[in-house]
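Structure first, then comments.
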Amino acid sequence: TMSREEDAEWLHWVTRQFGSIAGKDKEISLEEFKSALQVKESFFAERFFALFDTDGSGSISLEELLRALARLVHGDHADKLGFLFQVYDVDGSPHVPPGSGSIDAEELKVVLGWCLRESSVSLPEERLGDLTRALLEAADRDHSGSITFQELQEQLEAFPELMENLTIRQSCFPSAASWLKPPVPPERCWPRCLSRGYWHNHRGQLGCLGGYTALNVLLFTLAALWHRGHGPAILLARGCGQGLNINCTLLAVSAGGRREHGWAVGVLCTGGCCGAHLCVCLSVCLSVCLSVCVCPALLAQQDGHPTLAESLLWAQPGGGGVAGTAPQTGLALLALLLAMVTFSSPCVRRGGHFELFYWTHLSYISIWTLLILHGPQFWKWFVVPGSLFVLEKVLGWVWRRAGGLHIVEVNLLPSQVTHLVIQRPKSFHFKPGDYVYLNVPAIASYEWHPFSISSAPEQPETLWLHIRSLGQWTSRLHEFFQQLESPNPEPTAPRRSQGWAQVGGGRGDTHRLCRVKCYLDGPYGTPTRRIFTAEHAVLIGAGIGITPFASILQSIMYRYRRRKQSCPSCHYSWCEELRDEEMTLRKVDFIWINRDQKHFEWFLSLLSKLETEQAELEPGGRFLELHLYMTSALGKSDVKALGLQVALDLLAAKEKRDSITGLRTRTQPGRPDWSKVFGKVAEEKVGKVQVFFCGSPALAKVIRGHCEHFGFRFSKENF
């Protein structure tokens, strides 16, 4: 319900918006109404328009709109359900009271069909008939073959969670919220970085950042104090030089220490190696800028010193570095670093110019050489980590080239997702959630791209990668396998050399066997390794963000299955609750958010297997709970979706499976209400909650804020 002030504000807003849409005659036509509602299908717009057009003139005046909205805003549930009934009563007059009409099976089927189209859900015609019969059988109390208003009201009132969301501003026109709902003024609050939850959730990263900053300040201060009698220019140069020594050493650590058994694991921020690498790189650029640009300018102002141009262009005795070449090597360093930073930006890497990023990053060899010439003391800092970096690169190169692998199977999935099945070497050991760098010479001989491993470590012979086409290289990969699998009535030599063969089993033309050469570099660890040491883990994947969790979920169920105990005499089985070092999990909630129905096809077989395994191990168990959301579907707070959602719930309860995915878990329409989701998790009190997310940065920001509110630990995984 709205207060009088809110009511007046809203009606004033609707009046203003009406004036911006209506033509010179101050009325809204059907086409203008459709445009304002932003509906996918015209059916509901036409039904709403007919109900609002009380005089049947073919247009809606401001008075008609306000009269209809006021009745729905101030009316009770019966008024709103009456509006819904008139929408569903297709052959009834829109101006006849709902109590005198009825909805027969054909009308119900038509409306449910339009609901499915509006939700981007595709079901066979027989499933639409099943939905219609399920709702008709449940609501038709007198078995007359049609539903009256009273019967519909009684049926919907059995779903209180739907009724409580039935508000006109949020349910009748959710897609037209910008038209009917006034903008909410921003709340004044403290910056998120100053909140207690933010500091608790980022204590590890903030501790690393604080220690790193303190180390740089300490080294700068010690160098400046040691040379305090030589003037401000020398003082600044020596301080920046110490910063270069430590930061360029850390660059070798952050660039080379990512492997699972690497020598630098744990040195930098946990799970933030790329972020730490960028932070250190920016510190190096700042140090070089200060020492190259500011120091010579300060020296040029002193008597007896060369001008700024002379000191930058020609080596000077006592100018620092090898043979007084510190300014010249500094300028070269600055140019290389600026090129490296510029071509590392996402717009370059993902804009079809990956080779610029690749080749400019190879200049690290020149940079370290110039640093040795620029600062003769640098080699003392660099010799140990630099040697280990070179050793790792050499061994990695030898291992990759000596152990050339093959892609033995490919499956092209909806939304341009390429599922690769790759030979797994016996010496290749990884943990759930890890990722590898993949090189396919047939696509680009020098490009290596990181992808999460979607198979479990317990799968011995192969490993899986699910790759979505989001850039130039991934698109070429998808097109490469798409062209190879294209039907060709006359086999040619090149096709035979690739080793393609049709796979039986009725899986269609998108599934083939192949033998395409590839190389792997890795595995590399991620924050998701902490899942097995959590007590209550909440895994959230958005779209293809399910990839790292696919490996984790399989491994979790494998370990859970090993806990199963059985009595040798009576064959009674149970699962131990004892925790061990390998897995301390008591509960796992997996939330997968997809835009539409076809995206669920990526991992439906896996999720179905997980449901079956849990049902066999622990009937009725809730160790692993799945929560699926489809954002394109009409939400439960949408009046157009009420009948469809009730029908889907009734049919799912009857058949014990979801009509959209075929799983036992019911697919929820719309977006998750994170306050309710995390509130329910907090109420379970299973143990300390850790949330792991993989998806878009925008959604990560939203979920992170809710985690800070509830005091949950949050980790973001890249995919």
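Heads up, the Cβ atoms here are built off N, Cα and C, so glycines get one too.
So that you can see what the record holds, here are the features copied from TrEMBL:
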- 40-75: domain 'EF-hand' (DOMAIN)
- 127-162: domain 'EF-hand' (DOMAIN)
- 397-530: domain 'FAD-binding FR-type' (DOMAIN)
- 486-505: region 'Disordered' (REGION)
- 206-227: transmembrane segment (TRANSMEM)
- 233-255: transmembrane segment (TRANSMEM)
- 267-300: transmembrane segment (TRANSMEM)
- 320-344: transmembrane segment (TRANSMEM)
- 356-373: transmembrane segment (TRANSMEM)
- 537-560: transmembrane segment (TRANSMEM)
Top Cβ-contact partner of the transmembrane segment (356-373) among 233-255, 320-344, 537-560 (pairs under 8 Å): 320-344
DSSP helix/strand/coil residue counts for the domain 'EF-hand' (127-162): 24 helix, 3 strand, 9 coil
Secondary structure composition of the domain 'EF-hand' (40-75) [DSSP: H/G/I, E/B, coil]: 24 helix, 2 strand, 10 coil
Per-region confidence, the domain 'EF-hand' (127-162) (mean pLDDT, whole number): 84
